[in-house]
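Asks: One structure, as structure tokens, below. Some questions next.
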Protein chains: 2
Amino acid sequence: MRKMIKHYPNGVPFQEQFTADHKSSFNTAPAHDNIIYGNRGMSLEQEINLSNKYYLESGIAVIHKKPIPIQIVDVCYPKRSAAVIKEAYFKQASTTDYNGVYRGHYIDFEAKETCNRSSFPLNNFHDHQIKHMKACEKQQGICFTIVKFVVRQEIYLMPSHLLFHYWDGREKGRKSIPYEQIKQESYLINYHINPRIPYLKGVDQLINKLKMP
Amino acid sequence: MRKMIKHYPNGVPFQEQFTADHKSSFNTAPAHDNIIYGNRGMSLEQEINLSNKYYLESGIAVIHKKPIPIQIVDVCYPKRSAAVIKEAYFKQASTTDYNGVYRGHYIDFEAKETCNRSSFPLNNFHDHQIKHMKACEKQQGICFTIVKFVVRQEIYLMPSHLLFHYWDGREKGRKSIPYEQIKQESYLINYHINPRIPYLKGVDQLINKLKMP
């Protein structure tokens with residue numbers, strides 16, 4: 001039997017398991033069940049884009065995903081229609097995926113998903129992304145990573161100092177950040193109706209912590 | 001006879017007319033001379049990109065041009081080589097071209113050239129760019145436009161309030177911002193060796209002005 005899908009006014013399908021009321025049944029589900037938890041119709045990127053749309057339309061923050069950098073080689077201009085790119089290649093991004101402004105602060109972050117349960121692999125990052133975040137922090141920007149443990153269905157706003165600590169020490173052996181460490185030093189972001197991922201609550205806590213002496 | 005071209009250490013050709021010492025001979029050249037002043041080997045965009053590179057490498061600011069937004073339709077994955085985009089279309093950008101962080105401030109701007117001498121046409125802008133800048137200012141971001149009068153070889157950092165004033169009043173008739181008004185209310189940016197366009201000097205003045213009661 002196909003389940004009927006209800007929709008929010010913004011057209012996003014209503015998914016029971018994402019609402020706060022049903023969250024508990026979720027967290028207690030055993031991990032070895034033969035259920036695929038990830039990608040319930042929406043990727044982390046789509047969820048963040050929707051949240052940013054809400055923040056923008058509500059006048060709360062201006063945060064956008066940057067377009068994918070492309071090297072265009074050949075463009076064709078057909079008569080009476082739009083230009084068509086006929087040959088292009090993906091370029092390595094030199095920065096993170098998201099940036100913007102919130103309450104007078106420059107905001108800069110990456111969003112990453114992992115199917116690992118016990119740690120977050122560092123090979124999700126590139127050296128230039130870490131360099132970029134370090135440079136932004138030097139200019140007093142607020143940098144972090146939104147980490148989604150897909151199997152656990154848990155999303156954390158991980159402060160950059162934790163990432164830098166493990167990244168800078170990765171030559172010594174450890175190639176991932178332990179889940180327990182992330183849980184302890186990051187801000188858990190619970191799914192919400194609108195915005196879907198209210199990650200600016202974590203940013204508020206990060207800002208307050210930075211203000212403290 | 002072909003003129004010998006000297007190069008800066010960063011590989012950019014040295015162009016006498018751009019240095020401060022030779023600027024005066026430039027300003028006095030009559031406009032009706034049969035000389036093309038624009039595009040002396042480098043567009044405004046290239047000049048700003050070079051300046052941003054200098055600011056980044058010197059640890060002064062982190063400001064990047066955003067990639068061009070593209071709608072990808074078809075990608076082909078040949079064996080043993082990089083993915084090739086075979087069909088894609090240009091999308092309308094929803095924001096401005098440049099953003100970043102400088103001294104704790106969120107920076108957001110557009111860069112525009114005009115061949116007009118006496119005014120800057122408003123059709124250089126799109127409604128969504130103005131909306132974006134207004135939203136950023138509401139979040140205490142620093143917004144402006146780098147305007148280049150190509151014929152005059154003059155570059156101004158134009159504060160957003162001037163743009164908003166003329167944009168909001170454009171229905172009443174006036175479709176451009178008078179040169180004299182820009183000259184009076186903006187910051188003139190003189191060409192320099194490195195950075196080529198030291199526009200952050202104008203940003204400093206803008207920040208100081210905003211701090212004043």
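Every residue, even glycine, has its Cβ placed from backbone N, Cα and C.
Just so it is clear, the model here is predicted, and its values are computed rather than measured.
Reproduced below are the annotations present in TrEMBL:
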type    : residues                     : note
BINDING : B:T95, B:D97, B:E110, B:Q129 : Mg(2+) binding site
SITE    : B:K112                       : site 'Transition state stabilizer'
Asks: Whole-number Å only: compute the distance from the Cα of B:T95 (Mg(2+) binding site) to the Cα of B:K112 (site 'Transition state stabilizer').
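Replies: Here the two Cα atoms lie 14 Å apart.
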Asks: So for B:E110 (Mg(2+) binding site), how many other CB atoms are inside 10 Å of its CB?
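Replies: If we count other Cβ atoms within 10 Å of B:E110 (Mg(2+) binding site), we arrive at 23.
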Asks: Could you check the binding-site residues B:T95, B:Q129 and say which one's CB has the most other CB atoms within 10 Å?
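Replies: Max Cβ neighbours within 10 Å, all protein chains included: B:T95.
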Asks: Going by DSSP, is B:E110 (Mg(2+) binding site) sitting in a helix, a strand, or coil?
Replies: strand
Asks: Near B:K112 (site 'Transition state stabilizer'), how many other Cβ atoms are within 10 Å of its Cβ?
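Replies: For B:K112 (site 'Transition state stabilizer'), the count of other Cβ atoms within 10 Å is 17.
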Asks: Below 8 Å Cβ to Cβ and six or more residues apart, same chain only. Which residues does that give for B:D97 (Mg(2+) binding site)?
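Replies: Same-chain residues close to B:D97 (Mg(2+) binding site) (Cβ under 8 Å, separated by 6 or more) are B:E45, B:K65, B:K66, B:F109, B:E110, B:A111.
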Asks: Starting from the Cβ centroid of B:T95, B:D97, B:E110, B:Q129, the recorded Mg(2+) site, name every other residue in that chain with its Cβ within 8 Å, sequence order please.
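Replies: Once B:T95, B:D97, B:E110, B:Q129 are set aside, the remaining close residues are B:A93, B:T96, B:Y98, B:D108, B:F109, B:H132, B:M133.
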Asks: Could you tell me the C-alpha distance between B:K112 (site 'Transition state stabilizer') and B:Q129 (Mg(2+) binding site) in angstrom, no decimals?
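Replies: It is 12 Å, counting Cα to Cα.
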Asks: Select from the recorded positions B:D97, B:E110, B:K112: which have any Cβ-Cβ contact with chain A shorter than 8 Å?
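Replies: It is none; no candidate comes close enough.
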